[in-house]
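Notes to accompany the following structure.
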Amino acid sequence: MFDTAFLDIPALTGAGGTVHLPGSKSISNRVLLLAALSEGRTTVHDLLASDDTAVMLAALRQLGCGVDASGSTAVITGLGGRAVQQQAKLYLGNAGTAMRPLTAALALLGGDFELSGVPRMHERPIGDLVDALRGLGCAIDYLGEDGFPPLHIRTGQLVLDAPIRVRGDVSSQFLTSLLLALPLVASREISIEVVGELISRPYVEITLNLLDRFGIAVQREGWQRFTIPAGSRYRSPGDIHVEGDASSASYFIALGAIGAWAEGQKGIEIEGLGEASIQGDIHFIEAARQMGARIDASANSLRIRRGAWPLKAIALDCNHIPDAAMTLAVMALYADGTSTLRNIASWRVKETDRIAAMACELRKLGASVEEGQDFLKVTPPVLWQTAPIHTYDDHRVAMCFSLAAFNPARLPVRILDPRCVGKTFPDYFETLFSVTRTEPELVPVICIDGPTASGKGTVAAVVAQKLGYHFLDSGAMYRITALAATQAGLAIGPAQEPAIAALARQLPVRFADGKVFLGNQDVTETIRTEEAGMNASRVSALPSVRLALVDLQHGFRQLPGLVADGRDMGTVIFPDAALKIFLTASARQRAERRYKQLISKGISATLGGIQQDLEARDARDMSRQAAPLKPADDAALLDNSELSIEESVAQVLKLWQGTRPF
Ligand SMILES: Nc1ncnc2c1ncn2[C@@H]1O[C@H](COP(=O)(O)OP(=O)(O)OP(=O)(O)O)[C@@H](O)[C@H]1O
Ligand SMILES: Nc1ccn([C@H]2C[C@H](O)[C@@H](COP(=O)(O)O)O2)c(=O)n1
């Protein structure tokens, strides 16, 4: 997951490859609750691992449920219809799929419970569900504003002889919550009557489908009346698989429609989700087709390519695909006219007011947008612009706007707070970058060159981490080459230059989990000695060795960007880098830093000896014929003798920001 303050997505120019989606959020949290209410053990496979499922799992544990979760599998030992813990304070983050069903289940089970969440959760309405439950005799108090969480639930006196009435026109989650929970008390037949037009019906269909898998056969008369038969009891299916998330699929379906265009390309393939899906958002494929996407669908997979281009503008009632419809709003940026998305009032009470949020952010890109209480009209930009995209702690806003990176103006897009995708798709951006392409020159590079122990590596690594960029420690390439040459019995010098260059061309180097491998050998520490540094300096003076390592270094230039440290990053390897820094410090300062570094690792050294070695290494690196150490003509000079690491990083980030169009 990108745990950075913002993520700059470079302009993207193509898409293709296979996507494995995380499990559906709606199915995951429903299945977890049903498994918890059932007797016995349920093994849930392909469970979504995200913020919303994490809060549900934590709540179930607190209630006394057996939860053994690892990766995408969870074994739930159910409560068998009673809360083992009669008292608990449950924190449910911003997960509506946890807050609403747990409210219903706990109110019916009875006990003493407090349910709360993030501030936005306390602005999301729950009054209609509470009213319905109070009508049954449940004891629920508001701890804050009436109609909204946090809630206090106590044991009430249930009266179940009349049909339960619940509004269906604000959120279908109220009906879902009652349907999931009422079998707990269904010693006699219980009916629910929906007041108003039921919205988001496909989500209710998921609920009915999953209830059936857990032994509850709900009878339904249209979308107005639902009956739970007398004597209904949850029965664990033993094992259950969660399908890929259809709402998450929408971003990759859109990606195929926008970015997968070259002849002969296979386009975007989505595995684990297809036409047989029980999720309503699978109908997004029909909307995408209307806009021009070419989609081949099988029961369990989808293949998407660009068809019409520009996309065709649409006018659509989106009530049946409320979450995925947000993706259409961004696809509309690439359409041949104005697109209208209607019947989307439920967007206003989601993670944020999504109509307002989408309108505001689309306008930042140059689109003309008209918003109404329950509609959005989007006209593509005449002149594309870029700006930081505010994401409102809403995962879907963040994911949708990544698609704006295909803009024809080739402008990068800045997504603020990218970690909000953790709600449903923690690895969204990694997945996006694995199936998108751009021109190499559009992938930004920051070069930090400078003499030994000036702090290049330290500063470059922190800058890379803060920007979510890749990191190239080019010195490590020379250190590893020198080590490989020594291990092969080659003397480091001009006589063995061809043989060492041949080794360098095939260097089996791998960087993983903060470690460096030469073949299967962990050489992380071995290449860090002063002797290894000297050998690297010698090997780096051989021109054909330098040439042999060029492709390897270019290979690090990958989405979303690169920070590279070394001696010739800005002068030779990445001459088109957007920012070049030449980082220096006095020889004395550098010797002291290296001395402390070595001593802290338990390596004995003297300050004088280190300063001598370091000056000798600088002299060799600066005087060699091939790619000598020197500032690039367009480099910014930064002397950090008197700066801390944090101050050095801040300076680099400030210079970087100065190069960005945001
Ligand atoms: N202001 C500073 N900026 C960067 N590093 C500093 C600073 N002050 C102390 N250091 C320390 O200096 C030491 C040397 O830093 P680092 O290894 O990053 O240098 P380098 O330039 O990459 O060296 P080399 O070229 O030998 O690989 C580290 O232990 C680092 O923590
Ligand atoms: N781009 C580079 C990086 C490194 N070298 C050489 C010169 C250095 O003395 C040696 C070790 O580098 P370090 O790990 O200390 O940064 O490798 C180079 O020539 N060009």
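For all residues, glycine too, the Cβ spot is worked out from N, Cα and C.
Worth saying up front: this structure is predicted, and the values here are computed from it rather than measured.
Taken from TrEMBL as is:
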- D323: active site, proton acceptor (ACT_SITE)
- K25, G96, R124, Q173, R354, R396, K423: phosphoenolpyruvate binding site (BINDING)
- G450, P451, T452, A453, S454, G455, K456, G457, T458: ATP binding site (BINDING)
- 17-432: domain 'Enolpyruvate transferase' (DOMAIN)
- 446-656: domain 'Cytidylate kinase' (DOMAIN)
ATP site, defined by G450, P451, T452, A453, S454, G455, K456, G457, T458: further same-chain residues with Cβ within 8 Å of the Cβ centre: V459, D565, L583, A585, R590
Cβ under 6 Å from ligand 2: qualifying binding-site residues of G96, R396, K423, S454, T458: none
Candidates near ligand 1 among the recorded positions K25, Q173, D323, R354, R396, K456, judged by a Cβ under 6 angstroms: K456
Position of peak Cβ density within 10 Å, selected from the binding-site residues Q173, T452, S454, T458: S454
Spatial neighbour of K456 (ATP binding site) that is closest, considering only the recorded positions K25, G96, R124, D323, R396 and their CA atoms: R396
Cα distance (Å, whole number) from G96 (phosphoenolpyruvate binding site) to T452 (ATP binding site): 54
Cα separation, R354 (phosphoenolpyruvate binding site) to S454 (ATP binding site) (Å, whole number): 48
Sparsest-packed among the binding-site residues, when each Cβ's other Cβ atoms within 10 Å are tallied, from R124, R354, R396, K456: R124
D323 (active site, proton acceptor) versus G96 (phosphoenolpyruvate binding site) - Cα distance in angstrom: 13
Coarse DSSP state, helix versus strand versus coil, of S454 (ATP binding site): coil
For phosphoenolpyruvate: widest Cα to Cα gap among K25, G96, R124, Q173, R354, R396, K423 in Å: 19
Proximal but sequence-remote residues of the same chain as G450 (ATP binding site) (Cβ under 8 Å, at least 6 apart): K456, R567, I581, F582, L583, T584, L629
Nearest-integer angstrom distance between the alpha carbons (Cα) of D323 (active site, proton acceptor) and R396 (phosphoenolpyruvate binding site): 8
Rounded Cα separation (Å) that holds between K25 (phosphoenolpyruvate binding site) and T458 (ATP binding site): 39
